[in-house]
Amino acid sequence: MATTTPAKLGRISRTHYASQLTREDIGFEVVVAGWIEDFRDIGKLGFIMLRDVTGLVQTVLKGEILLKARNIPRQSNVMIAGKVQETKAKNFAVELSVNEITILSEASLTLPIDPTGRVESNLDTRLDSRALDLRNPKVLDIFVLRSGILRIIRDFFSENNFIEVNTPKIIGSASEGGSNLFSFDYFRRKGYLAQSPQLYKEQLVLSLDRVFEIAPYFRAENSHTLRHLNEFYSVDMEAAYLDYTAVMDLVEDLVKRLIVFTKESKRVNVKNPILEPKTFEDLTQKQFPRIRYEDCINELQNLGEEVEFGQDLSDASLKKLGEKFSNFFFIVDWPLDLKPFYIHEKEDDPKMSKSFDLQFGYLELVSGGTRQHDVTKLKSRLELQGLSHESFKDHLRVFEWGMPPHSGCGLGLDRLMMVLSGVNNIRETVLYPRDTTRISP
Ligand code: AMO
């Protein structure tokens, strides 16, 4: 199969990606383009292993072309024209007998990392050279998977009648309350980077009914851990006329679909426990447990943890719960005091709230709930949390225009990618991570 849009460079143009060459092409002239991953020289013959974004192709060189190839540094970018032929190599269906090699761009002889992964570098060194690091197929796989996951998420929401929206990331006041806001000068006043699209997504259900957004959150949290970043992506959703249990149903359907997609994509190199046949079957067939906050506290106390009803769950508590309820589980009905001002109380037990978190073991992946849409109660919740009506006046007035009851959630995309791709550091799932010590490249 030829590439649909030939990459044309001067006289020659690419006809195939590496992975497209099959036995059906034997005898045909083709052109491939990519970088030299390896060069083996056995005297009269030489072999260039040429890699492109889709995979590897073995090419065979002799005579003048072999002489020329001996001087090209590895990782240089070349275009190779050749004839497809049978191969004795076990890992390839066919190989190319090279007729012409065009050097497009020579790589330096000393590279900061080995993108074949044979010589391992630590993550910081790799992140400093991320563009080159992506030539490592294991690294590339995570980002190809991520791109596919984003596509499935968009399809899922569109099938469920959600409209994709884009809300501002430069804002004039806090969206979540609290102090973890990045601020900067905005034409002689203060501007902030959005902590989340919470207020906008709620306002938008007034007219759009169901919305979702895939966008970065910015948080000035001084948490340098394997699961925190200062800029991270979230999949946010908000829907009118649904309550939090229906939102949990949607989240669960979505996550299950993403697990199936991950398995089918074959982009996960490492042994990921969630893709082991038995676990995969359980995760995709059975309902994720929904455990009330109160029952979590009882469970923790039975396990000897010093935790009282009304307290937030510490990392240590979440680790304990994660050992007990491995994989995905919801913690539902948190005390209202532990939740942001916009979360709705339970009508039959107003100290508790219609809220949930989705956990993967100790890792919090999603947080959401039914929202308070009664403006009087919303105002008193703001006061209780020490937030001024004035800073939220643009938001509060929308609730006087006929706001429907609504619910929603925010899903940490980078954390979900950790689970799907089986890595334990969030930085592996983000191209150019921003944490407390890293702001470039
Ligand atoms: P919350 O603050 O819980 O909820 O954030 C939603 C989800 O985002 C992820 N997350 C993070 N990921 C990486 N680094 C961080 N520093 C980080 N902080 C949070 C988590 C978390 O579950 N407005 C609500 C959502 C809603 O109710 O709709 C909110 O912001 O996976």
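Glycine is no exception: its Cβ is also placed from the backbone N, Cα and C atoms.
Binding site for L-aspartate per TrEMBL: Arg219, Ser367, Arg371, plus Glu176 from the candidate set Glu176, Glu252, Glu264, Glu323.
Among the ranges 54-57, 198-201, 230-233, the one that TrEMBL lists as region 'Aspartate' is 198-201. Site annotation (TrEMBL, ligand ATP) includes Arg219, Ala220, Glu221, Arg227, His228, Leu229, Gly412, Leu413, Asp414, Arg415; from Glu164, Glu276, Glu281, Glu364, the additional listed residue is Glu364. Ligand 1 lies under 6 Å from the Cβ of Arg219, Arg415, out of the recorded positions Lys90, Arg219, Arg371, Leu413, Arg415. The Cβ of Glu364 (ATP binding site) lies under 8 Å from the Cβ of Leu318, Asp357, Leu358, Gly412, Arg415, each of which sits 6+ residues away along the same chain.
If one looks beyond the region 'Aspartate' (198-201) by at least 6 residues along the same chain, the residues whose Cβ comes under 8 Å of a Cβ in the stretch are 165, 167-168, 175-176, 211, 213, 236-238, 340, 342, 392, 395, 408, 410. Secondary structure at Leu413 (ATP binding site), taken from DSSP and collapsed to helix, strand or coil, is helix. In terms of local Cβ density within 10 Å, Glu176 ranks first among the binding-site residues Glu176, Glu221.
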